[in-house]
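Over in Swiss-Prot, the protein carries these features:
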ACT_SITE  C80  active site, nucleophile
ACT_SITE  H180  active site, charge relay system
ACT_SITE  E182  active site, charge relay system
BINDING   G48, E49, S50, R112, I139, R140  L-glutamine binding site
Amino acid sequence: MVVVGVLALQGDWIEHIELLREIEGVEAVPVKTEKQLESIDALIIPGGESTTIGRLIERRGLLEPLRDRIRAGLPVLGTCAGSILLAKKVRDRVVGPVEQPLLAVMDIAVLRNAFGRQMNSFEAEVHIEGVGTVHAAFIRAPIIEETWGEARPIAKLNHPLLGEVTVAARQKAIIATVFHPEITGDSKLHKLLVAAAKGRAF
């Protein structure tokens, strides 16, 4: 049995739990404490409000424990706000540079709210390297502006206003997506995370 934790401080963590429970051989658990973090084989950082999630991570004393486990090789999937929290550099489309707590474990720069407001949300088919085509929901989504070091793009999207943009990246056992696969019920990335937790090629 593979234990996959979902950071459950704010955001749409319940949708991830429900999707994980449909995968055979997986126990899906909410993670709110350092003790719960210690017992998992993989982690999902869900969408939500990245500044709020970051502050709650700090308040609960989870910032360093999360960084330590991820740097030690814990497989991680960060979706939407999760990709922002994983990034080493973050700015906002409207206000520019922002000050917010970050895990800062991934060599990516993220632009918050890149597609505009909630009314500009949309769904699209996205081809992800090594995964296949995922039906993705973009809700006040960021984009990955830059990758360097050990991170590399694994999915791009042609947008009518922004042109070609990076919407997913990978660094070792970490995957960041700017979209929500859980909202559309697409479990391909979740199954990839489970495979990584089992020690299969990632």
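The backbone N, Cα and C atoms fix where each Cβ goes, and this holds for glycine too.
Our reading of the L-glutamine binding annotation (G48, E49, S50, R112, I139, R140) yields a largest Cα to Cα distance of 13 angstrom. Separation of the C-alpha atoms of E182 (active site, charge relay system) and C80 (active site, nucleophile): 11 Å, rounded to the nearest whole number. Cβ contacts within 10 Å of G48 (L-glutamine binding site), excluding its own Cβ and spanning all protein chains shown: 20. Fewest other C-beta atoms within 10 Å: among the recorded positions C80, I139, that description fits I139.
Sequence-ordered, the extra residues of this chain that approach the L-glutamine site, with Cβ no more than 8 Å from the Cβ center of G48, E49, S50, R112, I139, R140, are G11, G47, C80, A81, I84, N113, P142. The Cβ of S50 (L-glutamine binding site) lies under 8 Å from the Cβ of A81, I84, L85, V90, Q100, R112, each of these being in the same chain and 6 or more residues away along the sequence.
R112 (L-glutamine binding site) is surrounded by 24 other CB atoms, counting those within 10 A of its CB over all protein chains shown.
Each of the recorded positions E49, E182 was scored by the other Cβ atoms within 10 Å of its Cβ; the lowest score goes to E49. For the recorded positions R140, H180, the largest tally of other C-beta atoms within 10 A is found at H180. Residue pair R140 (L-glutamine binding site) / the residue listed as 'active site, nucleophile' shows a Cα separation of 9 Å.
The secondary structure of I139 (L-glutamine binding site), as reduced to three states from DSSP, is coil rather than helix or strand.
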